[in-house]
Each structure stands twice: as structure tokens, then as C-alpha cells.
């Protein structure tokens, strides 16, 4: 059996590459790992206990909240507050950012933004779901209560980002700006083990992921690109394969490994797109760029967008470089919206 490297060992090893590292970020990633194991346990038994389904309320996006959404939100929030590295959390499930006012938290360097359970409506039908997280250094003075400005930073200021995918196996994938690495959970040992080091997405792919049920509502450029994907041109390996799970983490993870593009454009119903810039697009864009891919709103680099509100939405195109550039060219050529 080859030498097995755990997530904890890997984090410490990478920390040693930076002579001035304090260990705070490593400890924070350890908190995320712990919360992920707790949430993974509940997801695995969700069909046996009364924790699936909707609770009858909506989040700030107007989306029906699932019981596991709130469970995951509470567990990740508690894990962050219990350590002294985080001064506040912004979550897709919370109307406002949550600041931690204990002395030990006010002296923390970092804020975290998260989608605690992406794709949670799929749990009832046993489809993979995930957690997405994004970490920034605070810009407000250490020792004070964090401000809105700490959370409204462009994605190019992220110091770390990642996701956990709860599927046939559970994986944690993360970057600190020096490559992207994946760890698979071994339930018999209770540890995440390095399984995918320095992940890279192919420059070209043959998979496109989009909810084609909304085709009639898409901008003209996106419609033209879908037709391009469907054309029978064997010399260009077309038609491409359409694969759409409906869970961003799951679709992203597959395309990262195999090559492809994930698209959630603006529609007549969602003119600014549906995905959240801070909780979904920025962390996934950071990961994708570290893997050699591209993330765009159809015109601009996602990581260069300066957010103006916590729950801001944007169109999102992410994946293999040549595929994202191709859809951008169609959007530029056919600027009509719908």
C-alpha cells in the first residue's frame, strides 16, 4: 500500500513552504474539515431520520430552505466560531453577515463566505450535494468588529477556497493559490486522504452542462453556443455530451476531472443570473483558475468583479479554457438578450 498522506499532514507540509506562515489558515482549514465530517455523517443517514425536505421557510434569495441546509449552516458556523481564526461568516442561508464578538474572534484575521449545502433539494433523490467556501483576510482593523467591507471583496483577494462533495465518496478539494488538491474521506479511519494532487482541467472538453429546459429564456449568444455544441462535426469531436446534475459542486467536479464547461447564464426570469457571486462563483472561479481553466460572466473575469451586496448574482461560465472562450465569442457576436 503506498504511503497515505492525510489532509492535516498535507496542510502542515504546505505551510512549511512559507517561512512566515503563522498556522492560522491551516487551523481554519482544519475547522472546515471537522464540520464537513459532521455534515457528511448526517447526509449519509438523511433518509433514515426526519432531516430531509423543506421546513416551510425561505432564505434571503426567496428559495425554499431545506432542513439540511440549516443544519449544515449551523455546524459550519459553530466550527468557525469555536476557533480564533475567524471574525465573521457570511452564508447564503443568512440575510446578513454574522460577526463573532468574543474577544478571541475580534482578534482574528479572516472572514469566511459559504454555501453550506449546495444542491440540497437533491438529497431526497440521493443525488450528490456539496459545501462551497471562500476565505479572505479582513480589511477592518484587527480587534474591532468586522464590517461589510470585509465581506465585499473581489474574488482576486481570496486567500483560500474549496468545496466538499458528498457523493459516492466524500471529497474535499481546496486551493490556497498554489494549485488545487483533492482529498477523499476514508470513513474507516475518519480522515481525508490525498487522492488528487495538483489537479488540472483539460484545455478542451467535450461536456457542456446547462439546464436546457430554460433554453427559450437564454440570451441569443448562449443559444448559438448550445447549437454549436450539438453540431455533428466529428473532426472537432462534436457533438459534445450534455451532462447536467443540477448541483453546482457535482457538475463542476465532473468537468474539472474530465474537461467541460458549466453555464448558468442570465435568463428572462433572472436577468443578472441566478448563482451568487460571493458564495458560489468566486470560490469556484479561484479553484478553476488554479486548475488551468477560466471563469467568466460571459464578458468579464469573475475574480475581477467588485461586489456591491452580499447576495449579488451574476451569470456564470466556468471550465476548460477553450470552451469558455468559445461561448464568450458567441455572446459578443450575438449581444441580443432574449
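Backbone N, Cα and C atoms are what each Cβ position is placed from, and that goes for glycine too.
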Given that Swiss-Prot annotates 118, 119, 120, 121, 244, 274 as binding substrate, state which candidate in 73, 156, 211, 214 belongs to that site as well.
211
For the Mg(2+) 1 site, Swiss-Prot lists 115, 117; sort out which one of 42, 81, 92 goes with them.
92
I need the nearest neighbour of residue 118 (Mg(2+) 2 binding site) among the binding-site residues 92, 211, 244, 274, using C-alpha distances.
92
Quick one: of 92, 115, 280, which of the binding-site residues has the smallest count of other CB atoms within 10 A?
92
If you count other CB atoms within 10 A of each CB, which of 120, 121, 211 wins among these binding-site residues?
120
Within 8 Å of the Cβ centre of 115, 118, 280, which other residues of the chain have their Cβ, at the recorded Mg(2+) 2 site?
92, 114, 119, 130, 131, 132, 248, 249, 275, 276, 279
Any further residue of that chain within 8 Å (Cβ to the Cβ centroid of 92, 115, 117) of the recorded Mg(2+) 1 site:
69, 72, 73, 91, 93, 114, 116, 118, 120, 131, 132, 279, 280
Three states by DSSP: which one describes residue 120 (substrate binding site)?
helix
